[in-house]
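What Swiss-Prot records for 19-26, 83-87, 138-141 is GTP binding site, and it gives sequence analysis as the kind of evidence. For Thr26, the entry in Swiss-Prot reads Mg(2+) binding site, with the evidence type sequence analysis. If you look up Swiss-Prot, you'll see 10-205 marked as domain 'tr-type G'. Feature annotation from Swiss-Prot assigns region 'G1' to 19-26. Summarising the annotation, Swiss-Prot assigns region 'G2' to 62-66 and lists similarity to another entry as the type of evidence. The region 'G3' feature in Swiss-Prot is assigned to 83-86. Residues annotated as region 'G4' in Swiss-Prot: 138-141.
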Amino acid sequence: MAKAKFQRTKPHVNIGTIGHVDHGKTTLTAAITKVLHDKYPELNESRAFDQIDNAPEERQRGITINISHVEYQTEKRHYAHVDAPGHADYIKNMITGAAQMDGAILVVAATDGPMPQTREHVLLARQVGVPYILVALNKSDAVDDEELLELVEMEVRELLAAQEFDEDAPVVRVSALKALEGDPKWVESVEQLMDAVDESIPDPVRETDRPFLMPVEDVFTITGRGTVVTGRVERGIINVNEEVEIVGIRPTSTKTTVTGVEMFRKLLDQGQAGDNVGLLLRGIKREDVERGQVVVKPGTTTPHTEFEGQVYILSKDEGGRHTPFFNNYRPQFYFRTTDVTGVVTLPEGTEMVMPGDNTNISVKLIQPVAMDDGLRFAIREGGRTVGAGRVVKIIK
C-alpha cells in the first residue's frame with residue numbers, strides 16, 4: 001500500500017482577507033493569529049505583523065505575486081489564510097488562482113466605509129467564484145457615532161447584495177490594532193469574528209467528491225501490458241476496472257477502461273485527487289492519446305474551442321510584453337499541460353490591451369480543449385508567459 005495519509009481531524013478551509021489598501025487587512029490577519037494563539041496556545045503559533053506584511057514572492061503560471069500564508073485553528077476548523085498586501089497582488093492572485101479561497105473576510109474601515117478597491121475586490125471575488133464573504137468592520141474603536149457605524153454597515157451590505165453575495169452575512173465590528181495591543185473588549189471582537197467565520201463560511205466541497213479528471217502529462221507503452229498515461233489526479237477518485245473517457249485536442253473522444261492504477265511503482269486499487277499516478281488503459285495504442293488531453297469520468301467534461309476569458313496581462317516590469325496587443329492577436333493558451341494557439345477578439349469598444357491591464361477577451365482555439373467554467377490558463381508567446389486568465393463563459 002501507499003504511504004500513510006496525512007490525518008486531518010478537522011475540516012480544512014482556505015480563506016483570505018480582501019479589501020481596500022490601508023483598511024487593515026494585514027493587521028487583522030496578525031490580530032487573528034495572536035488572538036487564536038492566546039485562546040488555544042496548543043493549536044496555534046503567533047505571527048508578528050511584519051512576518052505577514054513582508055509577503056514572500058511566489059510564482060504562479062509565470063507571474064510573480066507577493067502573498068502571505070498563515071495557518072491557524074479554531075476548535076471547529078483548520079484554516080489556511082492568505083493575505084495579498086498590494087492591490088495588484090490581490091488581482092493577480094484572484095485571476096491566476098495562486099491561492100483559492102473557500103470564503104473571504106472583507107475588511108472595511110469604519111472610518112472610511114467602502115472605497116473603490118473595496119468594490120473591485122468584491123466584484124473580482126464574484127467573478128472568480130469565491131463562495132462566501134463576511135465583513136470585518138475594522139477601526140470601529142475610532143468611530144463613536146453609532147449611527148455612522150450603522151450607515152457604513154448598510155453600505156457594505158448593499159455592496160455585497162449588488163454582487164449577489166449574502167447581504168445578511170455577519171458584519172463584525174473589530175479593531176485589529178487594539179486586539180493586537182491586548183485590549184480585552186477588542187480581543188473579544190476578533191474572537192466573535194472567528195466564530196462568525198466558523199459558522200457562516202460553508203464547508204468546501206472536497207476535491208475527491210467531484211467527478212474524476214486527470215490531465216495527461218506523459219504516455220508510454222509497457223511491453224505485454226499496454227499503454228500507461230501518467231499525471232496528477234486533479235479531482236475525484238478512479239478505481240480499477242472503471243470506464244473513462246479521453247477528451248480534448250483530437251476531434252473525437254475515446255472511451256476505455258482503467259485496468260491498473262500505479263503510484264510509486266506500487267499497484268493500487270484506486271487513485272484520488274492529489275495523487276501522481278499511472279493509469280493502464282485497455283485497448284489503447286501509444287498513438288491514441290497525447291499530452292494535453294484529459295482522462296475523465298465519461299460524460300462529465302466536454303472539449304471546446306471558443307470561450308470568454310478574464311485575463312491579466314503582465315506589465316513590462318513583470319517580464320511581459322513591451323507593447324499593447326490588438327484584435328486578432330494570436331498567442332498560445334496553456335491549459336493544464338499543453339499550449340494551444342488561439343485568436344483573440346477584444347470586447348466592443350476596446351481598441352487595444354496594454355501590458356498591466358486586466359480585461360475580458362473572447363478566444364477561438366485551433367484545437368479543442370476539455371474545459372469547464374473557471375478553468376485557469378496562461379497566455380504565452382514562444383514559451384514565455386505574458387498573461388494569465390480563467391474561463392468565465394464557454395461559447396462553443
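Each residue, glycine too, has its Cβ placed from N, Cα and C.
Overlay of Swiss-Prot feature records on the structure.
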residue	record	DSSP (3 states)
Gly19	GTP binding site	coil
Lys25	GTP binding site	helix
Ala84	GTP binding site	coil
Ser140	GTP binding site	helix
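Cβ neighbour count within 10 Å across all protein chains ranks Lys25 highest among the binding-site residues Lys25, His87. The two recorded residues, Ser140 (GTP binding site) and Thr26 (Mg(2+) binding site), show a Cα separation of 16 Å. Taking the C-alpha positions, the distance from the residue listed as 'Mg(2+) binding site' to Gly19 (GTP binding site) comes to 10 Å. Within its own chain, Asp22 (GTP binding site) has Ala109 as residues 6 or more apart in sequence whose C-beta sits under 8 angstroms from its own. Around the Cβ of Gly19 (GTP binding site), the number of neighbouring Cβ atoms within 10 Å comes to 25.
Every protein chain considered, the tally of other Cβ atoms within 10 Å of the Cβ of Ala84 (GTP binding site) stands at 25. The Cβ of Thr26 (Mg(2+) binding site) has 22 neighbouring Cβ atoms from other residues within 10 Å, across all protein chains displayed. The region 'G2' (62-66) scores a mean pLDDT of 70 in the predicted structure.
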